[in-house]
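**Q** Reproduced below are the annotations present in TrEMBL:
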TRANSMEM  12-29  transmembrane segment
TRANSMEM  35-52  transmembrane segment
DOMAIN    43-294  domain 'G-protein coupled receptors family 1 profile'
TRANSMEM  73-91  transmembrane segment
TRANSMEM  103-122  transmembrane segment
TRANSMEM  199-223  transmembrane segment
TRANSMEM  244-267  transmembrane segment
TRANSMEM  273-293  transmembrane segment
């Protein structure tokens with residue numbers, strides 16, 4: 001592995017990695033990867049279009065779902081170019097500034113996804129615990145304010161991470177271990193003291209996904225307490241059914257995140273391709289699965305999507 005002279009970050013060219021040890025199979029790996037990207041982009045775009053064009057879906061629950069679809073689209077687009085570029089054209093080079101930009105958007109949309117899932121948990125709690133005041137609590141203005149707060153939160157959390165990365169210099173190998181720019185990956189290549197970077201990155205993770213997961217769990221404990229107080233078994237089942245899609249979305253976001261954290265901390269003896277595949281799955285699974293979960297489990301979304309598809313087919 002080649003080494004480089006000490007250099008400032010602005011002049012650095014990093015080399016991204018596809019799937020270590022499976023370079024000969026990159027063309028074959030690109031086929032399922034491309035399929036997953038097409039599924040994520042088309043599925044989320046379809047749901048977003050259905051919510052925008054169908055008046056029956058102009059309700060708080062579906063506004064939050066449109067935020068989730070927008071976030072998933074951003075997350076998919078953030079990694080698409082570099083990942084497929086490596087698999088198709090072996091285009092591995094990326095400048096430090098481009099790497100920093102990609103990292104910013106990946107982390108921004110990840111934080112936003114966690115925030116949206118928390119907002120959706122609050123939405124379900126209000127809908128079940130106080131259905132008569134649901135529309136008055138979650139007004140269009142309040143939802144817009146929540147959306148702005150989600151974007152602002154994600155941006156403010158990323159600013160110190162980006163500033164601290166810009167101060168680093170690099171004198172080791174410039175080969176990254178993933179097919180996109182991953183914050184811990186870049187830090188490990190620096191010959192500068194990165195303890196502050198690590199502390200800020202860990203703090204950002206704890207104050208976003210960590211805090212959000214706790215509040216999501218708390219929301220569901222309150223939802224369960226409310227549902228159990230309902231006398232009718234049919235009403236209980238109906239109330240729980242409205243949460244199934246959101247629970248699935250939470251699972252497909254947090255399970256890969258937990259898996260990636262465990263592999264990075266305790267899977268040092270695992271083959272390098274295991275780290276890469278899990279890291280890729282962490283960014284691809286939520287955008288792919290969320291449209292499927294909501295289309296299958298939410299009758300209104302399924303009907304709206306089928307209506308959009310039928311209308312599009314009829315116009316051809």
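Note that Cβ sites are derived from N, Cα and C of the backbone, with glycine treated the same way.
Mind mapping these onto the model and telling me what they sit next to?
**A** The list of residues near the transmembrane segment (103-122) in space but at least 6 beyond its ends in sequence, with Cβ under 8 angstroms from a Cβ of it, reads 61, 64-65, 67-68, 71-72, 74-75, 78-79, 146, 149-151, 153-155, 157-158, 161-162, 165, 180-183, 186, 204, 208-209, 212-213, 215-216, 219-220, 246, 249-250, 253, 283, 286.
Using a Cβ-Cβ cut-off under 8 Å and counting only residues 6 or more beyond its ends in the same chain, the transmembrane segment (244-267) has close neighbours at 68, 113-114, 117, 120-121, 124, 184, 209, 213, 216, 220, 274-275, 278-279, 281-282, 285-286, 289-290, 293-294, 297-298.
Only residues 6 or more beyond the boundaries of the transmembrane segment (273-293), in the same chain, are considered here, and those with a CB under 8 A from a CB of the stretch are 17-22, 33, 36-37, 39-40, 43-44, 46-47, 68-69, 72-73, 75-76, 79, 83, 106, 113, 177-180, 182, 245, 248-249, 252-253, 256-257, 259-260, 263-264, 267.
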**Q** The transmembrane segment (35-52) vs the transmembrane segment (73-91): three or more C-beta pairs under 8 Å (separation of 6 or more)?
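**A** Contact between the transmembrane segment (35-52) and the transmembrane segment (73-91): present.
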**Q** Same chain, outside the transmembrane segment (12-29) by at least 6, Cβ under 8 Å from its Cβ: which residues?
**A** 82, 86-88, 90, 92-96, 99, 170, 174-181, 186, 189, 271-273, 276-277
**Q** Restricting to the same chain and to residues at least six past its boundaries, which positions have a Cβ under 8 Å from a Cβ of the transmembrane segment (73-91)?
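**A** Sequence-distant neighbours of the transmembrane segment (73-91): 16-18, 26-27, 29-30, 33-34, 37, 40-41, 44-45, 48, 102, 105-106, 108-110, 112-113, 179-181, 280, 283-284, 286-287.
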